Structures are given as C-alpha cells and as structure tokens.
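K.L.:
Here's a structure for you.
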C-alpha cells in the first residue's frame, strides 16, 4: 500500500531530509506513478461503473433531450454561443442565464458519435472524473506536497468521495467535472509560466509566455464550460501572491490567516507555499481551522440536491487539507497511533466508496431520484409534489393522487398540486372544485385556467370555456397548449379566421413549440391549405426530430396528394422512432391500397402483435388475407371478432366479401342482411350495403331483386355510379335497351372516363342498330 509511516516523516515521509529529486520514486513508496494512475482509474471505474445503465434524469432531460442545440439534426452553428445551457437565447426573459457553450458542445459531440444514448454520456463523465483524479494527483505531487504518497492519498479520497456523485452520475454534472479538469490544467500551466524553481523534468527551470497564454486559454475554456471556472484566475493570482519569494515577506502570518478565512477559493491553496522550500511548520497554526467551508458535511439523498455551485473545485481543497492533517497527525503520533489512524483512513475510504456506489443508484432513473427525495424528506411538500408529477407521467394515477394529497396536507396552499389533482380526478364535479380552489389561491394560474376551460368545453359550455382559455393565454402567453385548445374550439364553432389568428399568435409567442406547429398543420389540412400544412408539419419535425405524430400527419398528407413514396418515407421515419399501431396502421393501408399485399400483411401482423385486442387491426389483417386468397384464415379471424362483438358492421361486410370470393353467395347475402339489421345511420353506408346486396342477388341470378336493391342504393346516394351501371346492365340483359341507355348515361355523367361504360354503350348502339336493320328488313318484306 502506498500509505506508509516513518518515525520522522509522517504519512508521506514528509520531512525535508527524505525528499528526493522529482522524477524518482520516494524511499518506501510501493507504487510507481504509472501504477498509482492505473489503480486510481480502476477505483474510479469501480465506484461509478454502476451509473452506466442510468437514464436521462432531472435536468438531463431539459439540457440534453429537449435542447435543440444538442440534437443531431440541428446543424453546428455559432448559435450555441448565443444560447444558455438549456438551449434558450441568453437575451430571452425566460433564459436561465447559465452560459456553458463548451459543455453543450460536448453533449452534441456525444450525440453525433453515439446518438441519444445515456450510456455513452455516463461513460464520458466517468472518463472525465478519472482524468480529474489523475491531474489532481499530479498537481499535488508537483506543486502541493512534492510527495507521491500524499498526492496519491489525496487523489484517492477525491476519487471515492460521495459528494461527487451528482456531478459524475448526473449527466449535466459534466459541466462541474470538465470545468474542474480545465481548472487544474489552467493552474498547472500558470504555475509553469511563473515558477522559477525546479519542480521536475516536465517543467524545466525557465519562464515561458506560452504557458501563460495556455493558462489564459484553459481558464477561459473552464469558464465557458461552467461559470465557476473563472475562479481559476483568482486562484492563480493568490498562488502568485503567496508563492514567489519576493512576495512572501510582504504578508504576515496573521494577515494571511485573516485573508484566507474570508476567501473560500483561496483557502484551497493555503498549503501551496509549503511545497517551496518552506517547512510545513512555518504555516500559521490556524490554517486548518480557518477553512470551515471545506470541512465534510453529512450527505443526504435530497432531491433536488442543493450544493455549492463549485463543490467539485472546493472538494479538492478539502482533500488536500484532510491529507495534510493526516500527515501531521501521523508525525505527532507514535507508530501504534499512526497505524490506527491509517487503518481508520482506509475504513473511511471503504465507507466513502460504498456510499458512492449506493448514491449512484439514486440517479439511475427518475423514479429512484424522486422516491429518494420522499424517503429522505417525508414531511416536505415539494418532494411529494415532484414525485406525484413523475407518477402521473407514468400513468400511475392512484399513487400520484396519494402524493398530491400528501403535499396538500403538508402545504394546503399549493395551487399546482390542486390543479394536477383535478386532472387525475374522474369525477368532473370534483375536478372543477379542485381547479376553482387552485384559482382562489392563484387567480393567474394559467394551467388551472386552461384545465377548467377544457372541462367546460367538454360539458358543452363553449362560451365560458373560451373566456377561461383566453385568460390562460393572457397569464401564460408562452403556454402553447392553451393556443391549440382555444383555436380548435373556435374551429368547431366555424370561426376559422379567428382560429387561424390564435394559431399564428401562438406560433409567434411559442416559436419552439413543435406541437403547436403540428396542430396548426392539421387545421390547415381541414381548411384546404395542404401546402401550408406541409410547411408546419416540417417545422414541427425540425423543432422536435422525434415528433412521430407530425411525421405520420405529413405521411397522410402526402398520401392524400397521391405521393406514395414520400408518404411511405415519413411513415418509416416515424417507425424508426417508435413502433405503435397509430403508425403501422396507415402504412399498412398504404401498402394495401397500392397492391403490395405481402408488405401490408407483415405490417398488420406487427400491429396485431402490439395490440392483440384491437378490433380494427384484426379486421384489416383479415381483409388483407382475404385479398391474398387466404379466405379460410380471414373467415376464421372475422368470425372470432363477430363472436366478441356482434354489432361489428364492417365484419359482416368483410364476411360477405369472403363468402362471395368463395362463391358461397347465399352466405354472402345472409351476412349483408345481418349488416342491414344493425341499422347504420349514415345514408352512404346504407347505400353501399344495398349495392353489395344487389351484387349478391345478381350473382344468384335474382335480377329483379338485385335491381330493387340497386334502386334503393341510388336513392340514398345518387352518386353511386356503379349501381346506375349495374341497373343499366340488368335492363340491357332483359332487353329494355331504352331504359338501359338511360342508366348507362346517368353513370357516365358521374364517371365520364369509364371505359366499361363506353363499351356497354357501344354494345347497346350495335344491338339497336342491328334491331333497326332487322326491323327494316321485315318492313321491306311485308311491303313486297
């Protein structure tokens, strides 16, 4: 083990006479620097390896998943330097003002190389923590202690300390870890640029402007990774004041102690002068006690974790002071006491390691994070509220209601808890009471106004709903859902111009709302503006590259424009994001309607596997099977649906088609009669049923009954061209050519390009011409 003791040298053999030239191993040290580095790296990986399976949690979702600057589809631009850590413009009122563009660039690089996979984000954080630990060991060895063993122990404590869990395991904590690494590198560069002492062969004894510029550059990078990185410049300044020989004489011990006690950053470097030819005994006695901000504090699993903004940087100072103290104690104690202290330190390291591993588990998922907060602070209303929000998002409504009610017991004036509780309550009267109570506490609660407006809308109180939705927009002009809800309500009332104005205002105030663009696209399709709708669907996808709903809508739009290749492309892009019935179904319909039955069959089988109980999917699958000639399987599937739902109109229609394909016309006719017995309300549907019934009767040569069915069909839907043509065909067969011509011409008016109708009329012309010739010949014969 690296940690050894000597009678005079303490923990690291730190007396002056034990010093060896830099680059050589100290007497009694069991590990070479390379071995120590490998051991530290291994310890870091063991402590944080269980964080690799973690999800995006807490701020990760907003800083990475929902940050447009990080998305792979977003081009790399200087805009990153104009936005905050969450992707909002620094100039915007809603900006968090956290300016960390270089950290955002590392996130974007992660996405570019490995996609939006949290595993690789965690892996990079662990690698950075390893690097910080190694650089800290190097810094302590070359500048602070000039002792490999003390440097190693300092880095080991830093590596395993559980205070770093949030920074390393929480993905957004990369800002802390990377800033800490750049902080150390900037400090090392500055030390090299101004240090005239011999501190190792890696730092030859000469000044270098290059290292000063490098220090400025690295310090600036640290500042652009996280704001607290700027403190490296202050640390370098303090190091300059305390380290150089010509400056040391200007500061008395009392002045130094008083100044350090008010400078938490500078206190990290309180030990640094001891490494330069001054014995540690020359330090003021109060140095250890004058740094209360660096003493260890009890860590609890409080979510969200409240910690100093530069805790990673400060913890380095704590580790240095801790090891310095251990070294002093070992020097003062006898051998037995020193061994006891070292064993206690090893036990502490083991406890730190176990605590770190356990803390990592808290950050593996959103649920474990929020549940930890509830377990740690069961009497805190906010943690119950946050956990309830998570449970609501997961669809665990019963548990969410319990925690919302617990939050209200602890803090009855929590308006948001009342509002959210209303959204989960099935009783509309009770939900309305919750919304009203929330508005009594906060009359400008835009979410409660929005929910109450939607509730009134569902109850048919549309005018009142409009008032509440307008108030929701008034008090929350950046709440996109309120614009969509108000616009859809106005569209229902056929106030299309006003609805369009609401959408446009919403897009102006919420330019980053992909849902608003998508909903506006749906509105534009319904109002006959497909080109504009296409633009807004594409905007929705650009803002949210994983917006599969907009992709499906865009696919449907292309399908309606008969651009099947484009439609298929967008459906498949949506499937790359998520496999749902809502995406598979229109793609299957596209394949079916374009004659690609094998592909349609495969798609519908996948959809049926996702939702085995979905009647529509089973019916579509049976329809494809019937079209492919697999009528027995199709019949079996359809009859199974009918056995579960006797009122399935489409099932009887499909059975009729299957029996007709099998030439079981009586069964086909029976299926259609059962469909008619269901008495559908839509006249067009009834017309189609009578048309199908006419077809079945015609196949059985019941021409008069078939003609009657076709007559009913055209009475219900005069645009049923096929029924008119079939009526003409029956009259044609019966020899009533005049009537037949009338029906044919009526059908031709509806489908003027029908080749079959033109052929039938041509046949009729030839028959009539032939009859006229026969009639003329008979007349001539009689005359003779």
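Positions of Cβ are set from backbone N, Cα and C atoms, glycine also.
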K.L.:
Labelled transmembrane segment by TrEMBL, one stretch among 78-110, 210-242, 243-275. Can you tell me which?
P.N.:
210-242
K.L.:
Which range is it, out of 291-308, 309-326, 363-380, 381-398, that shows up in TrEMBL as transmembrane segment?
P.N.:
309-326
K.L.:
Going by DSSP, how much of the repeat 'TPR' (581-614) is helix, how much is strand and how much is coil, in residues?
P.N.:
27 helix, 0 strand, 7 coil
